[in-house]
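These notes are about the structure you will find just below.
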Amino acid sequence: MLVYDEFGPEKILSVYDPRVGMRGVVVIDNTALGPGKGGIRMTATVGMREVMELARTMTWKCALAELPFGGGKAGIKADTKAMGPAKKKALVESFAKALRPLCPSLYIAAPDMYMGEQEMAWFAEANGDRSACTGKPEDLGGLPHELGSTGYGVFHAVRAAVPFLGWDLSRTTFAVEGFGNVGRFAARFLVEAGATLVSVSDSTGTVSSRAGIDFSVLSSVKDETGSVTAYASAGRPVCQVGPCENVFTAEADILITAARPHVIQAGDVRHLSCRLLVQGSNIPLTLDAEELCRETGITVIPDFVANAGGVISSYVEWKGGGKEEVFPLVEEKITANTTRVLQSALDRGTTPRQAALSLAKERVRATRPLAET
Ligand SMILES: NC(=O)c1ccc[n+]([C@@H]2O[C@H](COP(=O)([O-])OP(=O)(O)OC[C@H]3O[C@@H](n4cnc5c(N)ncnc54)[C@H](O)[C@@H]3O)[C@@H](O)[C@H]2O)c1
């Protein structure tokens, strides 16, 4: 959905460098609270529409987390599978040079799909300013993604939501869609808190066990074979293996999404058995599916509330802080926001997303865009 409204987007810059075949776009959605913050993704299909939608989500995410950032996002249109590192480096460097007038005063970049630490090092170097991006390698003052800040935030979103359902976290069961950076860390912290993992998926399928899945065995199996389903053949006959979508209907109190967008539509809601759904991934549910969840008694913690751990970590890096600051700040902000959003949704009789949007909009409206100051 393309949105031009009172919030933005303030600036859209489309760039092209025929020398290396670089085509990219950056959208600065709103700078009321600070420079637009958001990752650069490199995919064969990324376009302005997708980048605008993601930039808007960043506006709400940063506002709700009370960070001194606005919303932004960028995309480089290229098929990473069809190129070697030299070509990728040339594209990233060309994009970084093209964005010199914007970074870091109006836009601060970060990793996103197919853009990691190495790419951020190339970006910072070619841009000429280390503060042009976060997510850099440690030797350039970065905080590694492998710390698991987003998964840690997702865990705290669950923890803050549990009292609203009258549960004891250590007696809950949970399922996780995706076992990458977000899903694996969220699962690890939940298991450490005593919750039982009963179903997990990745791109190869779903493995489920009502008796519980041993997280450390699962983690080793995933590292060794690349697939969570291989857990079932590691001497565990009580497991069931099925297609990826089985994770959504697994019998579990909590469902965490941590892989792909738009995976649950309105028609799928009646098949969910969870009572709490926490969005570790971006836009996993359609808006009507979220409304239906409210009507059927499923509490949903929206993406820009639950998965803000990554941008909170970026904030710590941006202000020159160390690793030790990241986890306490993620815990504090995600716990406070999840509690505030759920209480406000209860008081107003809305979905948590509507309540979170109202809070974020209030914060943005209370300040003027950088362009006007
Ligand atoms: N990493 C972050 O800090 C962060 C922050 C905010 C939002 N997100 C979002 O969270 C999601 C996951 O990010 P990540 O960093 O963990 O990615 P990742 O690449 O580390 O992991 C993605 C996982 O999803 C799995 N997957 C792919 N297709 C699947 C399918 N059809 N069914 C089930 N699993 C499937 C992959 O096998 C992998 O385990 C993405 O949507 C991302 O945009 C990530």
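Backbone N, Cα and C atoms are what each Cβ position is placed from, and that goes for glycine too.
Just so you know, TrEMBL annotations never went through curation; they're auto-generated.
Small disclaimer: the values here were computed from a predicted structure and weren't measured.
Per TrEMBL, the substrate site holds Lys61, Ser314; the candidate it also names there, chosen from Lys37, Lys81, Lys87, Lys88, is Lys37.
Its Cβ taken as reference, Lys61 (substrate binding site) is surrounded by 27 other Cβ atoms within 10 Å in the chains shown. Cα to Cα, Asp112 (site 'Important for catalysis') and Lys73 (active site, proton donor) are separated by 9 Å. Taking the mean position of the Cβ atoms of Lys37, Lys61, Ser314 as the substrate site, the remaining same-chain residues with a Cβ inside 8 Å of that point are Gly38, Met58, Cys62, Ala65, Leu67, Phe69, Gly71, Ala110, Ala308, Gly310, Val311, Ile312, Tyr315. Taking a C-beta cut-off of under 8 angstroms and a sequence separation of 6 or more, Lys37 (substrate binding site) has the following same-chain neighbours: Met58, Cys62, Leu67, Phe69, Gly70, Gly71, Gly72, Tyr107, Ile108, Ala110, Val311, Ser314.
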